[in-house]
């Protein structure tokens, strides 16, 4: 038994439901009732003389090491040791009820204690702060005091427990948080040192378990796990380790233990006991004693989940098996353990069971005195009532036990009782009384313990006496008790022996008492030992039994005299001092007043702007996860550094001793950060080598690496520094980089890389976030913090008003740094401007204004400062020269030097004595001019490090070395002035970077220069002239490459421009607009023409070696393609066709090597065998076929499916084939014989996909029933079935290593899964519609997905980040990676098989314009702007002259089916598939009413010319007329009987008097809008595609498939028919003058019709506009430019065209492109390649497929011929 009784007594016992039963029935009372025991009381004990053994006359403070206490009102959930009973018992709130006194017994006065001696616990000399701790007991004492102080109750609620020395020490230590941390750190490190130690001796075990009460939870649990493992794995039983484990369990603090710990320990002890109980009694004794103590803790814990079959019954059997032992001590421990087992499991502790039977229970709640003392009256009363209850149970059980006298009356002793399994299977009061006795002793209530011994109802029970004797013996030998108390405990044993007639009637009890006294006589405490020896001599007589206890009598392992573990730990450098100083320094350096707005972010560069999350939350989630690196991207000035500093500040504020250490690293300030980056930063912070090594071995760092791009890095810092590798730094890395700095496969620079790439297991070790632009709310929040920083004349409202009024400014300042610049510049910019709407601001203007403002303010500051005469004179000279201009010149020269000398590194270190002879002295030296300019410039200083206020400032000033703002150039007013013209290149400095440096390597600088082009037409002309000069002067080539790249980036269009003979090798022309441009003879070698518009551009005789177009040629089939699959060896690509054919291509030559026929329907799926020798196909014809890839022969046909086969797959061994079908089944076949093996049924809907796991043991299938199911390949048995909540599962794939599964769902969600656990990983969002196919690349690094949103997306498999996106002309239905992952084949139900470079950035990166098909366009009435509406849910405003994108409006609705603008362009109406029409106010961006009435798709909408009416055409066969101001159903003008189809088009006449509508069956009806009656009708042979009224309203143009009809409305029928585009005409528009008619065709052209001079009715095609990649959706004529019109297309384009007279002799017209939006796709229609050299076969084929013209293509020389493939 232990000195620890109950660690916890919950006060949540409640009364039972039966009102006739006593309150708070526990399990014992329920048992009584269930047995239907009579309520008559059992026989009472006979009256005996009352005995008073008044040895303990007063209660002492509780004993044991003073340890961690629960907070007031805190629920105690641990098995906290008896050392915490004052708090624990305090939770019981037991009242001092004595209304039911115990039976009166005659008294025998045996008073021994003359005074109370407080129990002191462990006490040593208290050390001074920072003094070395010499002994472990000193460390325990100090930490116990700190815990007691931190958890102490208010002084009014507790007795004083600390003496003045302790209070003084605590007062001093409380003012030294580092010393508090050190004391706990020592304990934590001791645990770590103990765990690392191989062999543990008894001294180390005793030393370490003494720390149990003071350990923090993490350290405690580590130590517990170590002891459990050590004992379990030890082949020989170590009794010291066993006792240490039990002692640690008993000394746990609240919350440190869980029930599983105790159950596991008990199981280990039981198993060990089962294996040793047949041996000598020594080991069984120690094991049984340990089991007893663990069961005590479990009983106190109210453990309820101990398995009765697996643990309870086996342990009962083992304990029962010990009854035959001849060792009474072992037998007693077994009996005690057996009794403890009866309380496990249970719903109340032993003490609760006792107290519940007393009147100290009020409303089912046990009461405790205010000072946390257990009320003895309640205990005795409860024991008496419990005695009665248990007596009844015994009576029913038929035992001989009647009251406590049964043993004496029967003449049985302990040995006989045990051998008869006395008490077996029943709870006995003696056990409860002993537990209460231990509780009293632990609480220090020795006086009450004395009374309990005298008055306990079961005091005559020899087992109770045996237990009490052991308790007194343990007190007597425990050195933490005062010597007086230990002597008195020994004396009480003697008094009981000599003076109590009932105590020791049993011979074994007497033996036990003498044995204990004898053992006390042998302890080291001479005074107590001498007292015991004297007592033993007094007891010596002839009948005194001989002692025979062979086991040591001790409660806990003694704290050893030496402390070897502590001594070892003391030698470890304590780093918390240095960390504490660093923390204070970093917290002080952070400006709490700095403006900070929490940023939002999106998951990747390609993610949608509405996929935002709080960045800080995401980073904190990352820090709490297993991920290693988080990349934070953002534009320049997006707030990356600000966020990093805020994150560091937050982490330092929340830093706890021993926790992760935040380490901010300014990467540009680290020399070669790829080598020992962490060590270098710590050395900079003054950590020595020993401290750095200590951190490396034992601590985790949170590296906040700022400015990856500014450090000019191109390598992976995580990998280069071997972070998170064995023996290296344990880190979490948050690293920031500008988005503009990244190129292809940028994630490889940041993702942790494997040391052995062949053993790489994909895991989620990398995350990414892209800081989003500020919202309007964030901008206002920023301004509210900005305004109070300085005295200002403007309020927040003033700033917001200016930002929202100045055109486009709000979009510009969504960047935080630009917002700051704008706020600084706005007062100057707006000064004197009355009409703010006329102000136009671009980003570079903000920099110009901010710099001048900064220099002006600092000039005034210098003037107001006290200066030396030398400085004062210099300041005057600078002002005379123009201070602002001189400041800009200084910064420009400094930026140029930093790029020239440091290659653009952002930080300069200057030490005067070291650098006074270097270039740095010119910018940082002591010269007054240099010093004044530096102090006034936007340059910051940190020690010896200098850098610009922001990285973008360095790049801005570097761009100024090429061209400066007109306000920043020093001007000599006396010198004659000249105005350079656009051809003056002499004003450009030939030594500036434009001529000497490849600026393509500096995208931000290129961006600044492109913005300078937009606001400085002279600079634009100079750059154009530089390009022209290359025709005759090769010295301009470098400058020309930079110049043309800048111009293209600035959005300058070059339609019809003459570039003949220019030399621009390596130029970046991507996304450029070169319609009809002339490049004959130009040197374009190595140029990038990706996604450029090259329609009709002439490249005759151009040098084009190495030119990049960013795409690969496609494969052309006769039928539409439906499926594809690369072979595992990469040598073949198989393509399944619509009508059952299969083509196999050689990927080296891309020649078709086989055409397979046999299926009768579409080929839905293909798969190649692992050896690439066989092909399996699944078809709509329900069959599965296997083919020989070598000769094309059919090998096997597998029939059995009853509906479409959706997907097929080969097993990894190639011997089996699996097929998934619409018939709800999966079938498994023998791939050689074709024989069916299994039909796997379980899905409740169509099975959309099936895949073998890489080991070939399982199949995984998914289907419309929203499940993923697993199947055993060998048996066909079903396995796990995952029921999902993401809708039907359309497709799935398994990673090559089998660890991950990815599923694609209806609605557009992708989800990653762990195949081992079935747990869901991240969801990948990006698709806007159903996902039809998903697959892993062969290396498992990437995932490709194809969706109904006409996109194919590439994802990083480890991070879930979207890395690339490709746009398709139509919906992709199948995709396949090549075996090396370089190429991606895409099937989109056309006859073209697209082959994309999977490593390219994809189409759609960096686009401006719409991201989906554009449905309609319209000019504003002024003709200055154009509005377009798209399925991407946006309305964009375009400058009609330049094509610049202005405002953008987001449609707050889902993608629409049709859309129309009101005539005043203030409103729009959108029609949906469900028949509803949503109105929207474009001015306020607010939704208007919803018009409901149609029951089918709303296919066309139009506003009346007056704007009062909306007409709609629907597939529900009706045309409706609506009044927008009313939400009532529109009047049904027509209910056309057109079979199962409906209306297709509707249009108002110019004056709105008529409404024409066409339908699918070819009927055209014209209605009178006033009377709403039918005016005219006609029926044609084909579906009506489009209608248009002439400007005078007298003619109606009608288009059907391949024909145009013109109807003079004075006639009853159309009177003119013309042949048109055979594919059909989707839109028709008359020009305002009525002379021209523009028709947009389904054949991707616009046809212009004009009247012949021969007559008003005659018309003919005068021009065809081609080059559209998809159908033209809408055309609108300019209201102010008669020959100008705008088009929209399903290729996402908006383009403006102008007609002019053609130079041809036939008098036709030509149509030229004015501007067009970037669609992110290559446009080469009509591109001329005649004589162009250096084009390889791949590019030539690509260009010809895109309708380029090359008359010499067939004669390409061998040098130009190449192959592409694997």
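Every residue, even glycine, has its Cβ placed from backbone N, Cα and C.
Automatic, uncurated: that is what TrEMBL annotation is.
What TrEMBL records for this protein:
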- 167-524: domain 'Arm-like repeat' (DOMAIN)
- 629-787: domain 'NACHT' (DOMAIN)
- 1156-1197: repeat 'WD' (REPEAT)
- 1198-1239: repeat 'WD' (REPEAT)
- 1240-1276: repeat 'WD' (REPEAT)
- 1289-1319: repeat 'WD' (REPEAT)
- 1324-1365: repeat 'WD' (REPEAT)
- 1407-1448: repeat 'WD' (REPEAT)
- 1456-1490: repeat 'WD' (REPEAT)
- 1491-1532: repeat 'WD' (REPEAT)
- 1665-1707: repeat 'WD' (REPEAT)
For the repeat 'WD' (1407-1448), the mean pLDDT of the predicted model: 84
Distal contacts, the repeat 'WD' (1156-1197) - CB-CB under 8 A, six or more residues away: 1122-1129, 1131-1132, 1134-1144, 1203-1210, 1212-1214, 1217, 1219, 1221, 1227, 1229, 1231-1234, 1374
Distal contacts, the repeat 'WD' (1407-1448) - CB-CB under 8 A, six or more residues away: 807-808, 811, 1051, 1053, 1349-1350, 1454-1456, 1458-1461, 1463-1465, 1468, 1482, 1670, 1673-1681, 1684, 1686-1694, 1696, 1714-1720
Long-range Cβ neighbours of the repeat 'WD' (1289-1319) (under 8 Å; 6 or more residues past either end): 761-763, 1207, 1248-1249, 1251-1255, 1260, 1262-1264, 1266-1268, 1280, 1282, 1325-1336, 1338-1340, 1343, 1345, 1347, 1349, 1355, 1357, 1360
Positions on the same chain near the repeat 'WD' (1491-1532), where near means CB under 8 A and six or more residues out: 1457-1464, 1467, 1469-1473, 1475-1479, 1538, 1541-1548, 1550-1552, 1555, 1557, 1559, 1565, 1567, 1569, 1572
Helix, strand and coil counts within the repeat 'WD' (1198-1239) (DSSP): 0 helix, 23 strand, 19 coil
